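Copied from TrEMBL, the annotated features are:
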BINDING   100, 110, 115, 120  oxalate binding site
BINDING   113, 115, 120  Mn(2+) binding site
DISULFID  32-51  disulfide bond
DOMAIN    65-196  domain 'Cupin type-1'
SIGNAL    1-23  signal peptide
């Protein structure tokens, strides 16, 4: 292979690696209050929303009270998650941070999930909460914080303004189009009837 194609191949590989290993980019201005796109959602392929003109920015753009009050835990999971991401607080645009509020009723569960675009830190404020994660080696790390039998509240912090969330059960058993029963049955080493039962719980 000649030097020119090899150089092009090397640059292409490095560009792909850089894009897959990078977190949110560093901001290059003091602030960039978000202006929602026509669809209303940011794109992970292009981090952030367009900036509101600095001349139109007002003090209220920088204040967000959405995490002050508890959310309703009156649901099958006994849990509430109130996001403090860029979609809720536009001043977070380009800052690479997201803070959410989690409220759990006694016995409540925040369904198992992953965040494909961010790391997560959990700070338990009140109550008792089991917090944990599974490593890529399959080891489960966990800790029970503040052993009090009461409702619990925590803040979760991410190194991304829009970390994304993939609920494990919904992704597997509520995917559209469906993951074939045979694939899930083989993966979980259970009968296909069990898979059908699980899918019935997550039908859209």
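For all residues, glycine too, the Cβ spot is worked out from N, Cα and C.
TrEMBL entries are annotated by machine, without manual review.
Location within the structure of each feature annotated in TrEMBL.
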residue	record	CB count, 10 Å
32	disulfide bond	22
51	disulfide bond	17
100	oxalate binding site	22
110	oxalate binding site	20
113	Mn(2+) binding site	15
115	oxalate binding site	16
120	oxalate binding site	18
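Same-chain residues that are not part of 100, 110, 115, 120 yet have a Cβ within 8 Å of the Cβ center of the oxalate site turn out to be 81, 102, 113, 122, 156, 158, 163, 165. With respect to residue 100 (oxalate binding site), the closest of these recorded positions in Cα terms is 113, chosen from 32, 51, 113.
Between the farthest pair of Cα atoms in the oxalate binding residues (100, 110, 115, 120), the distance is 14 Å. Classification of residue 115 (oxalate binding site) by DSSP places it in coil, neither helical nor stranded. For the Mn(2+) site, the Cβ centre of 113, 115, 120 serves as reference, and the other residues of the chain with Cβ at most 8 Å from it are 114, 118, 156, 158, 163, 165. DSSP labels the residues of the domain 'Cupin type-1' (65-196) in these numbers: 22 helix, 41 strand, 69 coil.
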